[in-house]
Amino acid sequence: MKFFDTIVSPATVIGRSGIGIIRISGISVLKIIKKFLKISMKERFAYFSSFYDVKNNLLDQGIALFFLAPKSFTGENILEFHSHGNPIILDLLIKNILTIKNVRIANPGEFSKRAFLNNKIDLVQAEAINDIINAESHLSVKAALSSLRGTFSKKINKILFNLKDIYSEIEAIINFPEELNDLNIQKNIKKKLSFIIKMITNLLDETHKNYIFSNTIKIVIAGPPNVGKSSLLNFLSKEKVSIVTNIPGTTRDVIHKNIWFNGVCCEFLDTAGLQKSQDIIEVIGIKLAKKHIKSCNHIFLMFDVTKKKMINNNFIKNIVNNLKKNQNITFIFNKIDLINKKPYISIIYKKFECIYLSLKKNIGIEYLKNKILEITTLHNNVESTFLAKKRHISALKKSLMYLINGKRNWMKNLYLELLSDDIRLSIKYLLKITGKFNSEDLLDKIFSKFCIGK
């Protein structure tokens, strides 16, 4: 795809540093070399050069790199200035470059967008670039790099190959009606559909798992009022994040705090006490707490060991019975110093750990720390083969839905025309993942989240 303008942007964060990089992509690159470097450049060679302004005054000295289209990241001519990392120098360089006709400042993610539009990368790989930059754990970096290498895209393309194969086969059969009632053909279609449905189902499971384990671990601290939830968050974060009082219902909103354990970013959420309330604001807080309980990875369900009425079996059973496949609970009984008990761990409901401790007296804290270490170690040990996003999961679900419904309806009425339409829609949603079937709105939404210079 040919663009008639040239884009320029800092590729490094603006600030004082050893090196500052300016990236330029487009048809005006050769003019910029001639005007501001005044040297002849071979592609993919590093040149130590002086950088001049429009009046031939020296601005800086540094390294210049030139990449000739189409063998560049964007598929266009690319030039990079590696100057001293002074924001004044970078600003002067960019202002002078902008004097060249049809050169403008790049939008966020525009370099990656041009790479996508020039078929240098697909949409999954483009997203992976941004994910590498914003990753919050080594696991996320590893998964994003895998996506950048095309691991996820290859899996999608393999399914697409099989879908397109059966689609073309069905279209051919439709054009030869005498074969519609051939039992061998029907059996073959059914077999192929079942195989593809299994492929998508397996990939959807893998995608969902990777989405969970490639992201921050979300741990919700929940329980009745005044059991020590806010004290626990303050203890873990080593600062006063939540207000702690003896008044029930102090926490009404959800308090978020990201804390690093074992090389993993854990998002802890202090939530409103779960109880029946007439207070409108508190009710909203309780609804938010329940919402986060449903979407988190792990629940720290806290109780005051001295208040046995709070430990209601139905209350616990309701949370336990609604746990999702990848969720877990640790029960925490606080304030054991008030009943002269030593800290210990037991098992509740046959499989859930129950930790008895005192935050106030700093008793049993090692059990809690070991539990968090166990959670993060488990997270680190899961092999995340690629980085998954919500839109990938949504598209896979829709693709699978059309295929399952199409197969079921076809087996009832044997209308291949309707099955063909469902397969076409299934293909459409898979193509949306890699960006082969896209809308400008989708692209703008994705690339607007990128930083400037990527």
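Glycine residues also receive a Cβ, built from the backbone N, Cα and C atoms like all the rest.
Sequence annotations record features per position, and here Swiss-Prot assigns (6S)-5-formyl-5,6,7,8-tetrahydrofolate binding site to Arg23, Glu80, Lys120, Lys454. The number of other CB atoms found within 10 A of the CB of Arg23 ((6S)-5-formyl-5,6,7,8-tetrahydrofolate binding site), across every protein chain shown, is 22.
The domain 'TrmE-type G' feature in Swiss-Prot is assigned to 216-377.
Secondary structure at Asn226 (K(+) binding site), taken from DSSP and collapsed to helix, strand or coil, is coil. Taken from Swiss-Prot, the feature K(+) binding site applies to Asn226, Thr245, Ile247, Thr250.
Taken from Swiss-Prot, the feature GTP binding site covers 226-231, 245-251, 270-273, and the record attributes it to sequence analysis. All chains included, 26 other C-beta atoms sit within 10 angstroms of the C-beta of Ala272 (GTP binding site).
The Mg(2+) binding site feature in Swiss-Prot is assigned to Ser230, Thr251; the stated evidence is sequence analysis. With a 10 A radius on its CB, Ser230 (Mg(2+) binding site) counts 22 other CB atoms from all the protein chains.
Under DSSP, Arg23 ((6S)-5-formyl-5,6,7,8-tetrahydrofolate binding site) is assigned to a strand (E or B) in the three-state scheme. Around Glu80 ((6S)-5-formyl-5,6,7,8-tetrahydrofolate binding site), the C-beta neighbours below 8 angstroms that are at least 6 residues distant in the chain are Ala11, Ile21, Ile22, Arg23, Ile24, Ala64, Leu65. Between the listed binding-site residues, namely Lys120, Lys229, the fewest other CB atoms within 10 angstroms of a CB are found at Lys120.
A sphere of 10 angstroms centred on the C-beta of Asn226 (K(+) binding site) encloses 23 other C-beta atoms. Distance from the CA of Ala272 (GTP binding site) to the CA of Ser230 (Mg(2+) binding site) is 9 Å. Lys120 ((6S)-5-formyl-5,6,7,8-tetrahydrofolate binding site) and Lys229 (GTP binding site) are 50 Å apart (CA-CA, integer value). Glu80 ((6S)-5-formyl-5,6,7,8-tetrahydrofolate binding site) falls within a strand when secondary structure is assigned with DSSP. Between the CA atoms of Asn226 (K(+) binding site) and Ala272 (GTP binding site) there is a gap of 10 Å, rounded to the nearest whole number.
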